[in-house]
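Colleague: Handing you this structure, nothing more for now.
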Amino acid sequence: MHSSASTAPSHVLVVGDHAHWTDLLGEYLRAQEVSVVVADNNTEALVTAKKFQPRIILIDFDSHDGDGVQLCRRMRTVSHAHITILTARSDEATTIAGLAAGADDVLAKPFTSREVVARIQAILRRFLATPKADAVRPYSENAPGRQVFGPLSVDIARREVFVADEQISLTRTEFEILATLAQRPGGVTTRREMLDAVWGPRWGGSAANIHVHISQLRRKLGDNPARPLLVLNVRGIGYRLAV
């Protein structure tokens with residue numbers, strides 16, 4: 001494990017066994033005044049995540065140390081950090097598997113260190129704009145507590161979601177997507193508005209991430225993706241909740 005400073009809070013955990021690449025990325029991030037810890041394998045990564053509680057975790061899916069999907073799942077049991085997958089595999093199955101395992105974002109290789117830093121800085125701005133790391137930034141402080149949409153209820157203040165009185169466990173990103181929609185009952189949220197609200201206005205990703213997260217959200221809510229009754233598509237525009 002390599003740390004930028006033993007006494008400073010670690011904003012970023014980089015996980016990968018490609019020592020040259022991870023060290024170079026770590027050095028570049030530190031040069032941008034981002035505190036970094038590098039873990040060389042999955043076991044070390046889990047221990048480090050528990051110890052340092054980073055804001056962001058970068059997982060190299062192309063690492064030979066085990067299964068990146070399994071690591072994402074295990075990370076979600078010990079950390080609420082924003083998880084970004086780094087991979088040279090551009091197939092949709094890899095993206096879906098990673099996001100379904102709890103990742104928030106996928107960054108395809110090849111990429112520049114500058115691009116990674118831009119993503120990290122955008123995510124850190126999102127965290128630092130709130131008094132608590134797990135607070136939901138885009139929503140009004142005056143928002144009502146529990147809002148009901150048929151069998152679905154969303155409590156933004158408590159960050160709780162129920163379907164027919166059964167509590168549903170969502171990732172941070174899934175919850176923020178749902179809460180963004182809940183703040184506009186019956187109204188349409190465009191894809192651009194969703195990207196700005198959940199990932200931040202300076203995030204450089206595409207709306208394809210929203211589609212994958214919406215699919216996972218529907219699955220967890222028991223909403224048939226072929227004929228959804230809760231989270232509805234508005235063709236060519238975005239999404240809304242059924243009221």
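Think of each number as a place in line: the chain as shown, counted from 1.
Every residue, even glycine, has its Cβ placed from backbone N, Cα and C.
Nobody curates TrEMBL annotations by hand; they come from automatic prediction.
Values in this document were obtained by computation on a predicted structure and should not be read as measured data.
Features from TrEMBL:
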{"type": "DOMAIN", "residues": "11-124", "note": "domain 'Response regulatory'"}
{"type": "MOD_RES", "residues": "Asp60", "note": "4-aspartylphosphate"}
{"type": "DOMAIN", "residues": "144-243", "note": "domain 'OmpR/PhoB-type'"}
{"type": "DNA_BIND", "residues": "144-243", "note": "DNA-binding region"}
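Are these features on the surface or tucked inside, and what touches them?
Modeller: Per-class residue totals from DSSP over the domain 'Response regulatory' (11-124), listed helix then strand then coil: 54 helix, 23 strand, 37 coil.
Secondary structure of the domain 'OmpR/PhoB-type' (144-243) per DSSP, as helix, strand and coil residue counts: 33 helix, 24 strand, 43 coil.
Within the model, the DNA-binding region (144-243) carries an average pLDDT of 88.
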Colleague: For Asp60 (4-aspartylphosphate), just count the other CB atoms lying within 10 A of its CB, please.
Modeller: 22
